[in-house]
Amino acid sequence: MADAVIGTLILLALWQGLAFALQDRFLIAGPAQVLGWSIANAGLIGRALVVTGSNAALGFLAGNLAAIGLAALALVVPRLIPMISGLALVVFCLPMVATGPILRVMMGPGNGPQIVLAALAVYYTTLIPLLAGLRAAPASWLDLIHVYGRGRWAELRHIRLRAALPYLAAGLQIAAPAAFLGAMVGEFTGAERGMGVLTIRFTRALDIPAIWSLAAIAALVAIAAYALIGGIARRILHEPPPVILAPPPGGPTQRGWMQALAVLIAVLALWWAGMRLAGLSPFFAKRPSDVLAALAWAPDAAQTRGTLATALAQTARHVLPGYCAGLALGAGLAVLLGLVPRLSAVLTPLAVALRSIPIVTTAPLIVLLAGRGAAGTVLLVAVMVFFPTFVACQHGLRQAPGRILDVFDSYAASRLRKLIHVGIPAMLPALFAAARISVPAAVLAVTVVEWLATGGGIGGLMSLSASVSDYDMLWSAVVLVTLMSWLGHAVISAAERRVLATHAPEQVRP
Amino acid sequence: MAAEAGIACAGLHKAFGEVEAVRDFSAHFASAQTTALVGPSGCGKSTLLRLIAGLDMPDRGTVAIDGQPPERLRERGAISVAFQDPSLLPWLTAARNVALARKLARQPADPALVARLLQMVGLGQFAQSRPATLSGGMRQRAAIARALVTGPGVLLLDEPFGAVDELTRRQLAQDLPPLWHEMGATTLLVTHSVSEAVLLSDRVLVLSPRPAQIVADIDVPLPHPRSPALPDTPAFHRIEAQIRAALSHALDAA
Ligand SMILES: Nc1ncnc2c1ncn2[C@@H]1O[C@H](COP(=O)(O)OP(=O)(O)OP(=O)(O)O)[C@@H](O)[C@H]1O
Ligand SMILES: [Mg+2]
């Protein structure tokens, strides 16, 4: 606790110092200025917070209920697990920047899109740990049930449900800030009130103190929600929270490909049926066949493909370096701090808190600082990837089995040696899990910056298409971006399986 | 087959892939007797207990308990196993872990019995502690209490004192057998300690290295209850020496 306070004070001091040093460039509002602005505009912020907060809360509720429902279904019909997690992943890969405007035209004015986006932002990060948690019980606990001749119900009631609770808590904890982020992105699509609306307004006006204050308040709210859920969980549960290492989904085996194909067919069928049943106008609610036509045989298909390819290439140039830098920095810093435990005690609580900041809402800040060019976008993607990676890797390093470390200690091995032989292998699963989940996060980050700030790349193209009602282009972009995210995720899963098979075989379940 | 009292194993085989853990194991364990199984590490003792409890299915052969398959007894909550790894549920206190066994066996709650057993295994002070705060040996003792709380007809103990210190181990060896005798439990006890095997049991089976086969079947004709002075008597030493000889013979043969 004391360490966390020290860390926070250091951060505030750095921030204030930087603001002071750069004060004549009008880029940074320091903590004092932020506090002043926030007090002066308390009413405005309060009203916006209530709107965004209640939308986020509704989305949080809906998304998590959906996750729990899907997990329950998976529990009853285990054969559905690959389909459920496959569909869930596809939906999670949908770029909010495009689904936002599409939801807006479908649902009209009001809070619908905000709530839906908040729900979409949370359900996946709850579902995956929950699925892992429900399967996490060691075989010996289940044997205990079987010794007394009891079956699946007793397993569920006495072991699985309870064993899954810490996983649920860990999921909900990440979900709280994510819901806030989802609600804000929903507001970017043309809501009337809320933190997202204020963010857009003050960004356009280049009101520096306001931008910094909004980002700081969004961060505070997210951290508070994260801490609150963590606190409640610690009170109710008695065991430490689990590391969330969802095993990678099925491999590139015959069955893996069949499953992927089944998921693809299900996605297309659900998409088509959803549009049909909702009776939405084909003008903005495109069907799979419309997208295929737009990309393949419409008169302007070649032009559409060219535009999309250019935009995707531009985005790739930002997202790939940012993603790799974020991973490398996160893992690198975790390893470095593993060598200096004192520093780690100060920085870790801070990083855990910063991870819960809806980074995307600070997009205007980062662009202010790094400019509208590539640097700002790359930086934002890197930051978005950095925090979860750092936190996961630290957690992984601490997972190094105590007994093995004792063996090394008995030979008076140096810290570096222990790190190389015990720590890093123990960290790998966490690094991969972070790399996997960071793919959609990086895409979200890059598209939001392009949309809000730089106007380039696929995010810029999507926002332009939405504003000129070019729904063929918008839907095609959604399909391509989703496909790219999904492929990125699949590539990392494949690498993950190969590495874990040798370094952490217990993590790869059959 | 006539309903035979006790546990009858006939021609048990169990392999895990290429690894044969149990080969052609046949034995009869008389009702209400305590039999110790000793054998080298990895020879298949735990596997044998799991087969007898019906937790794993043998590839070939049968297990009959009082003429019935193990499932039948499990459904009545008449089997208890203290696993090698104590496998207490981390979110329950020691007392609740013990009480859970009665619930699973569909028996009425009996807090007094739970308290008495915890007292007896030396955990009276720790009834309200969670497993994470107990030592390895304390957890094992809680697991023994849990195995006893249902008053089972068949009691399978897999190295129950593995992590318990010598002094406590002696105390438990004094206190526990009268309990399972009183319940009339047919008890199988896996142990690595030859003297413990003699002290606690009526009969000792010495097993060969994997796959487990019986290499010696040694009676322990010493009266119950066994006094703390017993390990110092010539009779005790003689049986001990017999078991040691069989064990080293089995190891040499392998
Ligand atoms: N679930 C399993 N899967 C694969 N192999 C197994 C499994 N359980 C046991 N074995 C193998 O069967 C053999 C016997 O194991 P078992 O646990 O029965 O030995 P043990 O006699 O209890 O050893 P110890 O005294 O060390 O506890 C070992 O070679 C082990 O590797
Ligand atoms: Mg064993």
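Positions of Cβ are set from backbone N, Cα and C atoms, glycine also.
Sequence-remote contacts of a segment are chain residues at least 6 beyond its ends whose Cβ falls under 8 Å from one of its Cβ atoms, and for the transmembrane segment (A:31-50) they are 12, 15-16, 19, 193-195, 197-198, 209-210, 212-214, 216-217, 221. Summarising the annotation, TrEMBL assigns transmembrane segment to A:31-50 (among others).
According to TrEMBL, the feature domain 'ABC transmembrane type-1' maps to A:45-233 (among others).
According to TrEMBL, the transmembrane segment annotation covers A:57-77 (among others).
Listed as Cβ neighbours of the transmembrane segment (A:83-103) (distance under 8 Å, sequence separation of 6 or more from its ends, same chain) are residues 70, 73-74, 112-113, 116-117, 120-121, 123-124, 127-128, 131, 182, 185-186, 188-190, 249, 259-260, 262-263, 266-267, 270, 284-285, 439-440, 443-444, 447-448, 450-451, 458-459, 462-463, 466, 471, 474-475, 477-478, 481-482, 485-486, 489. Annotation source TrEMBL lists transmembrane segment at A:83-103 (among others).
Residues annotated as transmembrane segment in TrEMBL: A:115-134 (among others). Sequence-distant contacts of the transmembrane segment (A:115-134) (same chain, six or more residues past either end, CB-CB distance under 8 Å): 55-56, 58-60, 62-64, 66-68, 70-71, 74-75, 81, 84-85, 88-89, 91-92, 94, 96, 99-100, 103, 107, 160-161, 163-168, 170-172, 174-175, 178-183, 185-186, 242, 244-247, 437.
Annotation comment: TrEMBL describes A:167-189 (among others) as transmembrane segment.
According to TrEMBL, the feature transmembrane segment maps to A:210-237 (among others).
As annotated by TrEMBL, transmembrane segment applies to A:257-278 (among others).
According to TrEMBL, the domain 'ABC transmembrane type-1' annotation covers A:312-492 (among others).
According to TrEMBL, the transmembrane segment annotation covers A:320-340 (among others). Within its own chain, the transmembrane segment (A:320-340) has Cβ neighbours under 8 Å at 347-348, 377-390, 392-394, 396-397, 415-416, 419, 423-424, 427, 431, 434-435, 438-439, 442, 445-446, counting only residues six or more beyond its boundaries.
The feature transmembrane segment is assigned by TrEMBL to A:352-371 (among others).
Taken from TrEMBL, the feature transmembrane segment applies to A:378-397 (among others).
Taken from TrEMBL, the feature transmembrane segment applies to A:417-435 (among others).
What TrEMBL records for A:473-492 (among others) is transmembrane segment.
Distant neighbours of the transmembrane segment (A:473-492): 89-90, 93-95, 98-99, 101-102, 260, 286, 290-291, 294-295, 304, 307-308, 311-312, 432, 435-436, 439-440, 443, 447, 458, 461-462, 465-466; these residues of the same chain sit at least 6 beyond its ends, with a Cβ under 8 Å from one of its Cβ atoms. When Cβ-Cβ distances below 8 Å are used as the criterion, the transmembrane segment (A:57-77) is approached by residues 84, 88, 111, 114-124, 126-127, 130-131, 134, 156, 160, 164, 168, 171-172, 175-176, 179, 182-183 of the same chain, each at least six residues removed from its ends.
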